[in-house]
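Asks: According to TrEMBL, the record shows the following:
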BINDING   Gly12, Pro13, Glu14, Gly15, Ala16, Gly17, Lys18, Thr19  ATP binding site
DOMAIN    10-200  domain 'Thymidylate kinase-like'
Amino acid sequence: MLNKGIFITFEGPEGAGKTTVIAEIYKRLEQEGKKAILTREPGGIRISEKIRGIIHDNEHQEMDGMTEALLYAAARRQHLVEKVVPAMKEGQIVLCDRFIDSSLAYQGYARGLGMEEVMTINSFAIGDTMPDLTIFFDITPEEGLRRISNSGEREQNRLDNETLQFHEKVYEGYQLLLKKFPDRIVSTDASKPLSEVTENVWKIISSQLINK
Ligand SMILES: Nc1ncnc2c1ncn2[C@@H]1O[C@H](COP(=O)(O)OP(=O)(O)OP(=O)(O)O)[C@@H](O)[C@H]1O
Ligand SMILES: Cc1cn([C@H]2C[C@H](O)[C@@H](COP(=O)(O)O)O2)c(=O)[nH]c1=O
């Protein structure tokens, strides 16, 4: 796929602060006159938001793990072809809340489907499109889940409601990914106050933009 823009993804456990920080980063990029889009997975466009609703519905407790992985990959495919790739072709900066690493950590590692196997499913969906940069928001699952339940801003979905043990596995999965992709994934301490996390993420992204 033609790749002129910059594809930046944001990863981490539940409640790590990704959505809050990305919104501020997007604002700053706009203020600097950079062309950027802010999007998320699963979702970002009509069809993928509908798939998101199916995956996250608390009534869908019977959903098979592989079905879950395939649905995330399907949502990813549509989102890529309809939104991410066109923006990249226009040379835009794409800020995406979660991408392939979520599938590897949640479905591959925590669900136990296998990271290699989940990568294989996803290769069919994304081809060779990988992020230029991934920022991992490092926070313990306990602290992230506490933030979400304290905020009361959003309803907890089927994945949020998984056991603490599941979320600890997700965290372990991310640690493996950090080791596997040291050139692509940069970690930031997300337990710090919001202003500090935002500044650190802004520094990481700014240095990436300078190097482009
Ligand atoms: N550094 C921070 N310190 C304290 N609270 C924070 C911090 N960052 C975000 N929060 C709060 O934590 C809650 C979760 O933040 P946010 O929705 O941005 O996380 P997220 O990583 O997008 O979570 P999820 O992936 O589960 O949707 C929000 O109420 C937000 O205001
Ligand atoms: C892309 C993707 C996401 N997930 C999980 C991770 C979260 O529990 C939800 C997304 O909710 P958020 O509030 O937008 O962070 O979905 C996953 O398990 N696998 C994936 O590929």
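Glycine residues also receive a Cβ, built from the backbone N, Cα and C atoms like all the rest.
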Asks: Report the binding-site residues (Pro13, Glu14, Ala16, Lys18) that meet this criterion: Cβ distance to the nearest atom of ligand 1 under 6 Å. Use sequence order and write none if nothing qualifies.
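Replies: Only Glu14, Ala16, Lys18 meet the Cβ criterion.
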Asks: Neighbourhood of the ATP site (Gly12, Pro13, Glu14, Gly15, Ala16, Gly17, Lys18, Thr19): other residues with Cβ within 8 Å of the Cβ centroid, in order?
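Replies: So the extra residues in range turn out to be Phe137, Ile139, Gly144, Arg147, Ala190.
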Asks: Tell me the Cβ neighbour count for Gly15 (ATP binding site), meaning other Cβ atoms within 10 Å of its Cβ, over all protein chains shown.
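Replies: Around Gly15 (ATP binding site), other Cβ atoms within 10 Å: 24.
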Asks: My understanding is the cutoff is Cβ-Cβ under 8 Å with a sequence separation of 6 or more in the same chain; which residues meet that for Gly17 (ATP binding site)?
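Replies: When sequence neighbours closer than 6 are ignored, Gly17 (ATP binding site) has Phe137, Ile139, Arg147, Ala190, Leu194, Val197 within Cβ distance under 8 Å.
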Asks: Long-range neighbours only, meaning 6 or more apart in sequence with Cβ under 8 Å: which ones does Thr19 (ATP binding site) have?
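Replies: Thr19 (ATP binding site) has long-range Cβ partners Arg40, Asp97.
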Asks: Residues with Cβ closer than 8 Å to the Cβ of Pro13 (ATP binding site), same chain and 6+ apart in sequence?
Replies: Phe137, Ile139, Thr140, Pro141, Gly144, Leu145, His167, Val170, Tyr171, Tyr174
Asks: Which ones in the same chain are close to Lys18 (ATP binding site), with CB under 8 Å and 6+ residues apart in sequence?
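Replies: Expected: Phe10, Glu11, Gly12, Asp97, Arg98, Phe137.
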Asks: Any idea what the model's mean pLDDT is for the domain 'Thymidylate kinase-like' (10-200)?
Replies: 96
Asks: Within 10 Å of the Cβ of Gly12 (ATP binding site), how many other Cβ atoms are there?
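Replies: Gly12 (ATP binding site): 26 neighbouring Cβ atoms within 10 Å.
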Asks: Which residues of the same chain, at least 6 positions away in sequence, have a Cβ lying under 8 Å from the Cβ of Ala16 (ATP binding site)?
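Replies: Listed in sequence order: Phe137, Asp138, Ile139, Gly144, Ala190.
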